[in-house]
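**Q** OK, TrEMBL features for this one:
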type	residues	note
DOMAIN	236-657	domain 'Major facilitator superfamily (MFS) profile'
TRANSMEM	169-191	transmembrane segment
TRANSMEM	234-256	transmembrane segment
TRANSMEM	276-296	transmembrane segment
TRANSMEM	303-322	transmembrane segment
TRANSMEM	328-351	transmembrane segment
TRANSMEM	358-376	transmembrane segment
TRANSMEM	388-407	transmembrane segment
TRANSMEM	506-525	transmembrane segment
TRANSMEM	532-554	transmembrane segment
TRANSMEM	566-590	transmembrane segment
TRANSMEM	602-626	transmembrane segment
TRANSMEM	632-653	transmembrane segment
Amino acid sequence: MRELSRTHEWAVRLSLIVILSRYDVLGTIDVNLNELQYLAARLNPFECRRLIAALHYTTYELPNNLADAERNVDDDIPCIRHLVHWNSSPTEGKGKTHEVLAHRLRQINRNDLADWLGKSAFMQIGKDLDRAVVKPFDELSKEETELPYPVTLEPSERREEDPWMQVDVILMATLLGLLGTLLTLICYTILQRIRQHFRTVKYNKSEHKAKMSDTEIQAGPAVKEEKSKIYPQLISSIIINLTFLASGICISWPAVTLSKLTPGSDLVVSNDNGGWIVSALGIGGIIGPILSGSLLDYTGRKWFIYGTSIPFIACWVLTYLAKSWVELFIARFAAGISLGALCGIVPVYIGEITEPKVRGACSATISLMIHLGYIFGYGLGPLLDRKMFALVSLAPIAVFLLTAVWLPESPYYYLKKNKEKCAALALVWLRRKKNNDDEIQQIKQLIASEKKSGIKELFSVSSHRRALLLVLLVIAGQTLSGFMAISSYLDTLVKNFHVNFNSNVILLLISVISLVSSLLSSCFVDKFGRRFVFLSSSYGTTLCHSVIGVYFLLGQLKVNTGDLSLVPLIALILYIIFVSFGLLSIPSIISSEIFPTNMKGWATMVANVSGSVFNIIVSKCYQLVANNFGDHVIFLAFAVIQLVIAITATIVLPETSRKTFKEIQENL
């Protein structure tokens, strides 16, 4: 009798399971609050707005006018409140299964959250069936189908991270770096002494032979002039510009990292604090040019550039150890000091070690290296977390420290310090020819004709004043094009175009295209001239800003722009091409050519401090204006400013291509 009763009870339970499953009572209930909180913590504001807009539609595919629906989603309301409202509304999400929400998550490219939600629902169904079989009926009827906590894809037991592990990694990396640098410097010093000795002996012998055979050369047949080699100058430019590769990584860092620092990550950064982190690079850039302008003629060009690696190392160490946005701000500020100093001194160094025929191409490697840094950042940023990205970003600095010690100092600096033999040996290394007496005499005459000047002469002498205004004009064209701000917010900008492409792939594609554009610039800058390259870049940038601004304006006017989403993306790609072609490279080339040697320190300091101030204003105002007035205002403003600069440059900008420093000064 007892067995019959037990069999009857099991039969009733199985019937109940079938009935509950048939009418979606078990396993297909609404998404619970804990799951919604888990999703809201892992969606950035753009993704949340797009998800809420998509959930309001019942069609399987996303509609073409989704962008209009997104604008109706109130950004001031937290994401969790939007999700709870949808889930509890009888006309929207109430009674719908997990599959509806998971399907929309996949459509906004959040497959990870969709997979997690599916796993959560599957585990819930298993628990409900288990309770239906095991629990008595009176207890089962009182329970609700609810998860006490969200299911995660991580293991339930997690080992606590060893607090000393981070310190060990940093200390070990620092120790190995210091030991490697010390060993390199010791080897370099020994080899340099040996090379200096043999070069001095060789130089004295060649000078003696030249004096002894003067009469024979005059009486005999004409001797073929020894030609200089280009590759040592190009290699030197590439090595010294590894610092700009590191700078490109720093500039691209916010675009790939700030979007990850949302609730749920180990470090949370708000939009306002993110704006300050972006602006920190420009704030530090004010101090860098002051240091380079003051120390340019005291430390030498080469060793000052070598010292700029220290703030970069500090930047990535602080980024690795950061616990709040303040550490990230300080890290970016330190990198800004190096970037500002490099913008002032590297063009000077490259201009002084290269010949006029290759000076433009070698100076254009600055832009090339910056774009390689973008590829580095946009390619590895999405794949690595913040800490690993910081450690990997130290690699270009390490390569620079190991290779730059072998480069020669500027012959201009040596001759200003009355070290003629050192200048001759530097030119032998750079030109790969023994006799450089003509060039040495030209440099000596140029230095002798220049009086020792201070910052007052920069504004009182008309030629210096005109040169400064021209450099400020091209720097304004570079900074007020919004390149620094657009690069920092590139990921968010691409998402605002509502294109159905992975934003990380688009960022990497844009950086590769910009690299190709900068390569073309290095080829054309000497052939077609600085003026042509700058003007074509400036007018092209104006057109691209106008197209993007009009697109956002149409959206603000509630015009359906769903079919035009590719137009602003193409305009953005063209903008990057035009900026990389001229606006990024020409200012550094002109600033290295247009000032006399005695004014380069002060002039580059004033020009780059002004550029840093422009960058701070643009970086801080970009997000502020976009949030309060709309993206169309900021891009149309960029277009108007760039057009004014382009027209002004058409009237006043001279050509400096293939001219010596003396010829340029005579023209001014």
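Quick reminder: no glycine exception, Cβ is built from N, Cα and C everywhere.
Computed from a predicted structure; not experimentally measured.
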**Q** When you scan the chain for residues with a C-beta under 8 Å from the transmembrane segment (506-525), skipping those not six or more beyond its ends, what do you find?
**A** 252, 255-256, 360-361, 363-365, 367-368, 370-372, 374-375, 377-379, 490-491, 494, 499, 532-533, 569, 572-573, 576-582, 584-586, 589, 657
**Q** Restricting to the same chain and to residues at least six past its boundaries, which positions have a Cβ under 8 Å from a Cβ of the transmembrane segment (358-376)?
**A** 230, 233-234, 237-238, 241-242, 244-252, 346-347, 350-351, 393, 396, 487, 508, 511-512, 514-515, 517-519, 521-523, 525-526, 530, 580, 584-585, 588-589, 592-593, 657
**Q** Do the transmembrane segment (388-407) and the transmembrane segment (532-554) share at least 3 Cβ pairs closer than 8 Å, excluding pairs fewer than 6 residues apart in sequence?
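**A** Taking Cβ pairs at least 6 residues apart, the transmembrane segment (532-554) and the transmembrane segment (388-407) are not in contact, as fewer than 3 fall under 8 Å.
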**Q** On the 0 to 100 scale, where does the mean pLDDT of the domain 'Major facilitator superfamily (MFS) profile' (236-657) fall?
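**A** Taking every residue in the domain 'Major facilitator superfamily (MFS) profile' (236-657) and averaging pLDDT yields 82.
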**Q** Using a Cβ distance cut-off of under 8 Å, indicate which of 276-296, 303-322, 532-554, 602-626 has the most pairs with the transmembrane segment (234-256).
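**A** Per the Cβ under 8 Å count, 303-322.
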**Q** Under 8 angstroms for C-beta pairs, at least 3 of them, ignoring pairs fewer than 6 apart in sequence. Is the transmembrane segment (276-296) in contact with the transmembrane segment (602-626) by that rule?
**A** yes
**Q** Excluding the flanking five residues on each side, which residues at least 6 beyond the ends of the transmembrane segment (632-653) place their CB within less than 8 Å of a CB in that stretch?
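**A** Sequence-remote neighbours of the transmembrane segment (632-653) are 470, 473-474, 476-477, 480-482, 530-531, 534-535, 538-539, 541-542, 545-546, 548-553, 555-556, 621-622, 625-626.
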